[in-house]
Every structure is written in structure tokens, then in C-alpha cells.
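Right, one structure below, let's go through it.
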Amino acid sequence: MDEKESLRREIRRRKRDAAYEELRTQSNDLTRRLLRHPRVRDARCLMLYASLPDEVDTARLIRLLHGVGKRVLLPVVTGPGEMALRTYEGEDHTREGAFHILEPTGDDFTRYDAIDVAIIPGMAFDPAGNRLGRGKGYYDRFLPKVRQSYKIGVCYGFQMVERVPVGDLDQPMDEVVFSK
């Protein structure tokens, strides 16, 4: 087993061991912190993600940012290892997509240079901003398109590690916001 897969297994174990209520509390805290973050506050267009059950919950953050008039973009899976962005227009304009995640139903958004901030999930992050994904490469292939965006990785505190093994395709974050 390689170093990345070993770290993924360890993080999965930590997630299983974490109490649901504690993770919910940490997700709410991270939402508050992100809403106060100067880059998020000043952004007009943000890329987020619709969270999987074991990720920092972004549902409230998405609704709040959309509610104050910011353009919120969410990924949609378009093929194996491939994703596109679509504008979130509210829950009435979503459908269940890949991995049982709600995806916006509108047109693809391709003006990547308009994205001020990209909030990105990961299995693990390190203090240098290196990110370990789930191993399918969706974000590694997509992130070069938003190179100019300020990238914020978000995770629970137990997902921060001393060093994430880095490969040629891995894209570092500009900052990582994690729960304490």
C-alpha cells in the first residue's frame, strides 16, 4: 500500500471514531469562520462543494452565501474523474447526482477567471496547504482551471497532518481552515 492510500485509511478511521454531534458542531463553527473570512466576505463569485456525509457540512454556508447575493458555483460530475461547475440557484434547481450529492441543474459555468474564492474539501491537509483527495483525481484535474482563485481547503482538525505526500498533479491550497 502506498503512502497516500495509507493516510486515507487512517483519516477514514479517524472519521469513523468521531462523534456525529461533535462533527456537526465543528461544521457550524467552520461555517461561521468562513463567513467572517475577509476573502469570502469580499468575494462576488465562489466555488464550493456539496458535502458528502463524512465531510465538513457546507449546506448552510451555500444557502447563506447565495442568500446574500453571491454567485455560488458547485461541482457536478460529468464523467469518470471529470467535473464541471454550475451556478447554484437554490435547492429547487438541484437534482441528485453522482455519489448522491445534490447538483445544480443549470448550464455549465466556464468563466473560471471570475471565481474569486474556491473552497475545497480533502481527506487530509498539511500546514503547507498540500491536499490529499479521495484518490479519484476530480479536484486535481479541475483545480488548474481556477489557478488564479484563492483556494481555501476546509477540514476537521483531525484531518490536519504533519505532511501530505505530494504527486505531480496535486494542487496546493493558499490556506487551510480547520476546526480546533
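From the backbone N, Cα and C atoms, a Cβ is placed for every residue, glycine too.
Now, the feature entries from TrEMBL:
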type	residues	note
BINDING	K4, E5, S6, L7, R8, R131, L132, G133, R134, G135, K136, G137, Y138, Y139	ATP binding site
BINDING	E55	substrate binding site
Binding-site residues compared (K4, R8, R134, K136) - the one with the fewest other Cβ atoms within 10 Å: K136
Pairwise CA distance, L132 (ATP binding site) versus the residue listed as 'substrate binding site', rounded so that it is a whole Å: 13
When distances run from the Cα of the residue listed as 'substrate binding site' to each of the binding-site residues K4, R8, R134, Y138, the nearest one: R134
In three-state DSSP terms, the structure that K4 (ATP binding site) belongs to: helix
Site extent for ATP (largest Cα pair distance over K4, E5, S6, L7, R8, R131, L132, G133, R134, G135, K136, G137, Y138, Y139, Å): 20
Least buried by Cβ count (within 10 Å) of the binding-site residues S6, L132: S6
Candidates E55, Y138: member of the binding-site residues with the richest Cβ shell (10 Å): E55
